[in-house]
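Undergrad: Here it is: the structure, laid out below.
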Amino acid sequence: MKTRSPIVSVLGHVDHGKTTLLDHIRGSTIASKEAGGITQHIGATEIPMDVISSICGGFLEKMNIQEQLPGLFFIDTPGHEAFTTLRKRGGSLADLAILIMDVTEGFKPQTYEALNILKSSKTPFVVAANKIDKIPGWNSTKGECFSKAVQNQHKNVVFDLDQKIYEIVGTLHEEGFESERFDRVSNFASQITIVPISAYTGEGLPELLTMLLGLAYQYLNEQLQIEEDAPASGTVLEVKEEKGLGLTIDTILYDGVLNKDDRIMMLTKENKVISTKIRSLLKPKPLEEIRESKTMFEDTNQIVAAAGVKIVAPHVDDVVSGSPLKVANDDNIRVEDELLSEVDNIRIQTNDIGILVKADTLGSLEALVNILDSKDIPIKSAEIGDISRRDIINASIMYEEDEKYGVIIAFNVNILPSAEDELNDQNIMVFQDRVIYQLTEDYLNWVNSAKERQKKAKLASIIRPSKIRIMPKLVFRHSKPAIAGVEIMSGIIEKGVTLINDKGHVVGRVESMEDNGENLPKVSRGSQVAMAIGDAVFEKDFEEGDVLYVDMSERNFFAINNELKDKLLDDEILTMEELQEIKQETEDSNWGVINTDWSELDTLDEDEYEDFY
């Protein structure tokens with residue numbers, strides 16, 4: 001058995017320092033004079049323990065961390081996309097993560113998203129509170145450990161930093177994590193470690209690397225044990241064209257050994273298994289050799305995990321990023337079953353009605369589904385690959401069920417030409433983005449605006465609560481129809497509504513409303529108009545000074561009360577309550593009250609049951 005280096009991924013919001021941190025880690029180790037230096041892999045950088053020791057100084061000893069690991073293996077591509085693409089059975093390929101954030105800005109949308117992804121994958125992580133050099137008054141010392149750098153700051157600057165750290169602590173607490181600045185942590189097993197750093201100046205980098213090693217020793221002892229002579233297992237990072245080589249597969253190996261001429265199996269975008277034979281294994285040349293030979297790669301016969309390698313092999317056009325890769329020299333059927341079970345292992349709880357989800361890799365599909373689930377968004381289907389005509393048709397079927405589910409959420413995939421043609425003939429929505437958070441936010445914002453549109457449409461189709469007052473000395477005609485000057489006391493009144501008095505008696509129907517010779521279809525509170533009331537007789541059905549109410553059915557009342565009340569003005573709500581009192585006194589004491597006697601449901605047939613609701 002051999003102990004491999006922990007695989008580390010860096011996540012965080014855009015422009016919060018992910019790439020700068022990785023560049024600085026690489027840069028400081030390249031500049032190191034220690035023997036060995038860094039090892040550059042395909043898609044990754046391995047920093048050996050002797051280099052880490054030279055950076056961390058006495059911190060490893062102070063934290064009682066033994067130098068038993070070979071080093072740290074950093075995934076070069078930062079962010080959610082790489083993290084979710086690099087997955088294996090049971091979670092992320094990354095053993096550890098750095099959640100980086102701008103200490104001057106705190107949590108941002110993608111920070112929350114990264115935290116949710118780490119939470120769902122159960123990946124141990126350290127928080128890097130970056131850009132301490134941007135705190136007003138901070139006195140930077142390049143490459144200094146934080147513990148010394150903070151001693152060189154004015155007390156007001158230290159206070160300012162503490163305030164920002166505790167804002168992060170508070171937000172993490174709200175998200176279900178207890179945390180503290182690394183030098184104040186009382187229990188490393190139960191608290192997330194926050195390390196203030198500057199990815200630009202390198203301040204705090206010694207403590208950050210030390211905390212990562214501490215996490216590795218605490219959580220990963222068994223996980224890092226690998227069999228050197230076992231057939232390799234890995235994850236496809238990317239399939240890409242290389243000049244002079246054709247299509248190649250960039251892969252991260254996390255277990256076993258990979259040999260030239262091995263037969264390997266992977267998954268395609270259609271979730272089928274392909275088998276191919278390795279023609280070449282390539283690793284990056286050292287930087288000085290690249291400068292001399294002008295070629296970036298060198299052949300090797302064998303690669304041992306953990307490692308990043310470029311594989312040259314035929315028939316890999318349809319291999320999907322994020323696919324597991326396994327050596328299958330002897331037991332093809334077993335390996336094929338294992339690969340197919342990887343797809344089944346992404347447990348997607350689908351619904352009869354819901355949205356369609358498309359993504360480019362198994363990992364990104366899993367991450368997207370997890371976030372949609374956390375927001376209670378139902379999913380009809382979730383698949384890898386570009387949006388097809390069939391997807392558009394299926395989404396249009398969902399649209400017929402409910403407009404808000406006639407939607408495709410697509411992460412980092414394209415719309416096929418045949419699907420574009422079909423899309424032009426349908427009412428469905430397609431949301432495309434390379435940021436999962438943005439996709440979910442765009443969809444939820446669209447749903448909310450659609451709900452608002454539906455509410456406005458419904459509000460326009462129902463009878464709104466309103467009351468009027470017959471103005472004294474302004475009755476112009478006594479009957480057929482009665483015409484009087486009225487003041488609108490609340491709400492909006494429309495032509496065609498029925499008026500009742502405070503005893504619940506029907507007065508008549510509004511036939512027309514006029515102001516300065518202009519016919520008005522509806523008028524609102526504060527208006528004074530001449531109103532023609534059909535079937536009403538002055539002094540029989542109403543008198544000067546009477547207050548009349550717009551009548552409505554109980555169904556109309558429930559529709560407003562249950563769905564549209566937030567769209568009414570206060571005066572309309574009061575009028576509706578007055579109308580309910582009138583109805584309860586004159587018609588039914590339970591008018592407008594939801595019946596909570598569930599026993600009567602047992603006697604209803606299906607149609608009556610629907611009417612009940």
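Including glycine, each Cβ sits where the backbone N, Cα and C put it.
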Undergrad: Between 76-79, 120-123, 140-143, which stretch does Swiss-Prot give the note region 'G3'?
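TA: Swiss-Prot lists region 'G3' for residues 76-79.
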Undergrad: So if I exclude everything within five residues of the ends of the region 'G4' (130-133), which remaining residues of that chain have a CB under 8 angstroms from its CBs? That is, six or more out.
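TA: Same-chain residues near the region 'G4' (130-133) but 6 or more away: 16-17, 21, 100-104, 140, 146, 149, 161, 196-201, 203-204.
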Undergrad: Which entry in the list of binding-site residues, G12, D15, K18, I132, has its Cβ near the fewest other Cβ atoms, using 10 Å as the limit?
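TA: It is D15 that, of the binding-site residues G12, D15, K18, I132, has the fewest other Cβ atoms within 10 Å.
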Undergrad: Could you give me the DSSP helix, strand and coil counts for the region 'G1' (12-19)?
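TA: DSSP composition of the region 'G1' (12-19): 2 helix, 1 strand, 5 coil.
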Undergrad: Can you break down the region 'G4' (130-133) into helix, strand and coil residue counts using DSSP?
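TA: Split into helix, strand and coil, the region 'G4' (130-133) gives 2 helix, 1 strand, 1 coil.
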